[in-house]
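Q: Handing you this structure, nothing more for now.
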Amino acid sequence: MSGEAVRFEPGEAFARRMDAEDPLRSFREEFLFPVHGDGHELYLLGNSLGLQPRKAKEYVLAAMEDWARLGVDGHFKGSPPWMEFHVPLGEQMARVVGARPEEVVVMNTLTVNLHLMMVSFYRPTPERSKILMEASAFPSDQYAVAAQVRHHGYAPERTVIPLAPRPGEETLRHEDILEALERHGKEIALVLLGNVNYLTGQAFDMAAITRAAHRQGCRVGFDLAHAAGNLKLSLHEDGPDFAVWCSYKYLNGGPGALGGVFIHERHLRDASLHRLPGWWGNDRRTRFQMKPDFEPAPGAEGWVLSNPPIIQMAALRASLELFDRATMPALRAKSEKLTGYLEFLIDRLPEGFVRSLTPRDPGQRGAHLSLRFTKDPQRMLETLRAEGIHCDFRYPDIIRAAPVPLYNSFLDVHRFVSVLERYARG
Ligand SMILES: *Cc1c(COP(=O)(O)O)cnc(C)c1O
């Protein structure tokens with residue numbers, strides 16, 4: 001799945017040439033960068049909180065204006081009307097993750113959605129109660145899983161099967177995941193993987209894992225917090241039962257932005273699935289008849305609980321329009337080059353100074369590299385901050401650097417590694 005091979009060169013002139021040839025270079029102008037001194041930061045943190053698209057403020061203010069001018073009539077007369085505000089967002093989001101529009105809905109936030117999806121897709125029985133997940137899953141996912149397990153009367157320590165790398169290794173081997181499925185498959189109710197793993201940057205083969213899990217009769221869900229807007233996903237074809245993600249990381253929806261949910265088509269008309277419903281998930285045709293019995297809307301919309309927050313949606317709209325213009329295949333092609341270039345420059349740093357934990361195969365990673373440093377990582381982070389370089393630090397020694405293809409440049413990557421190099425040699 002890797003893009004065309006590029007022969008990287010160490011000099012700054014190469015970075016400038018790559019930027020000049022980059023068909024997506026103008027998207028950088030669509031974003032607001034945090035200030036640093038008289039200029040702006042070199043921001044490598046799009047995997048944590050994406051930057052603000054210039055248009056976001058305009059769209060948010062327009063929604064505020066509609067509310068002021070129209071009051072409740074904004075539902076029908078806003079531009080766009082609030083009743084339909086979520087429809088194009090769902091369609092745009094579906095394009096980002098490779099799903100059919102009816103399979104995707106934008107609602108709530110990630111952890112809430114993970115709970116809601118587990119209500120529908122984690123239905124343990126005494127014979128099949130287990131959950132297979134990464135030992136290093138994001139804490140919120142671990143808390144949610146343990147609570148759902150307890151909710152059904154099972155003990156997490158006997159029910160959750162943690163997948164860990166082999167001793168001395170940093171990432172999971174694909175064959176070990178398949179082997180765990182072979183070994184425990186008949187007891188597993190749900191396979192839940194974070195794709196991309198937030199800590200190591202490892203991406204999994206979603207299609208192969210889903211196929212293997214389905215052969216064993218398990219349900220499969222993915223947490224795509226670090227994949228949505230990063231990897232080129234094909235959720236419909238790969239076929240997991242559900243996926244959840246947030247849109248404040250690579251999707252630039254703003255702090256606390258609405259999350260996304262995918263439910264595979266095969267489940268959309270199954271009225272027997274348990275769910276925690278609300279009035280906004282009722283079929284639109286009968287919603288306002290206010291009947292006592294819930295009639296789910298066809299599609300993932302049938303899982304929506306509440307009337308949606310328009311102001312949050314307005315901010316997200318600005319970013320999703322950019323994804324539609326840039327397209328995921330083009331973004332991914334640039335991303336593989338950008339991250340490959342970062343790896344190339346990191347490899348040239350003095351021996352023993354830094355080691356990347358992230359797989360070297362571009363097909364097994366997204367934009368970010370997790371870098372483990374030996375030489376006083378805390379002081380190095382301070383050096384980076386003083387230079388206006390913003391990346392993420394995981395105590396005690398890991399820096400995660402994410403060059404994101406929408407707004408980072410090859411020159412950004414070159415500048416970042418130049419500062420590391422000066423520190424390594426200083
Ligand atoms: C960022 C992230 C979350 C955060 O959850 P919220 O409910 O959006 O606060 C959860 N899981 C993973 C894997 C993440 O990367």
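Any Cβ shown, glycine's included, is placed from N, Cα and C.
According to TrEMBL:
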BINDING   Leu110, Thr111, Phe138, Pro139, Ser140, Asp141, Asp223, His226, Tyr248, Trp279, Asn307  pyridoxal 5'-phosphate binding site
MOD_RES   Lys249  N6-(pyridoxal phosphate)lysine
Q: How many other Cβ atoms are found within 10 Å of the Cβ atom of Asn307 (pyridoxal 5'-phosphate binding site), counting all protein chains shown?
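A: So the Cβ neighbour count for Asn307 (pyridoxal 5'-phosphate binding site) comes to 14.
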Q: Going by DSSP, give the three-state secondary structure for Asp223 (pyridoxal 5'-phosphate binding site).
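A: It is in a strand.
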Q: Using a Cβ cut-off of under 6 Å to any atom of ligand 1, determine which of the binding-site residues Ser140, Asp223, Tyr248, Asn307 qualify.
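A: Correct list: Ser140, Asp223.
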Q: Please classify the secondary structure at Ser140 (pyridoxal 5'-phosphate binding site) using three-state DSSP.
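A: For Ser140 (pyridoxal 5'-phosphate binding site) - judged by DSSP and reduced to three states - the answer is helix.
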Q: Compare the C-alpha of the residue listed as 'N6-(pyridoxal phosphate)lysine' with the C-alpha of each of the binding-site residues Leu110, Ser140, Asn307, and give the closest one.
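A: Its closest listed neighbour, by Cα, is Leu110.
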Q: Show which residues of the chain containing Asp223 (pyridoxal 5'-phosphate binding site), separated from it by at least 6 in sequence, have their CB under 8 Å from its CB.
A: Leu110, Leu114, Ala137, Phe138, Asp141, Leu192, Leu193, Gly194, Asn195, Ala243, Val244, Trp245
Q: How many neighbouring Cβ atoms, not counting its own, are there within 10 Å of the Cβ of Tyr248 (pyridoxal 5'-phosphate binding site)?
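A: Looking across every protein chain shown, the total is 22.
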Q: Rounding to the nearest whole angstrom, report the longest C-alpha distance spanning Leu110, Thr111, Phe138, Pro139, Ser140, Asp141, Asp223, His226, Tyr248, Trp279, Asn307, listed for pyridoxal 5'-phosphate.
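A: The widest Cα-Cα gap among those binding residues is 31 Å.
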Q: Starting from each candidate's C-beta and looking 10 angstroms out, tell me which of the binding-site residues Leu110, Ser140 has the most other C-beta atoms.
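A: That would be Leu110, with the highest Cβ count within 10 Å.
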Q: Within 10 Å of the Cβ of Phe138 (pyridoxal 5'-phosphate binding site), how many other Cβ atoms can you find? Include all protein chains, please.
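A: Its Cβ shell of radius 10 Å holds 19 other Cβ atoms.
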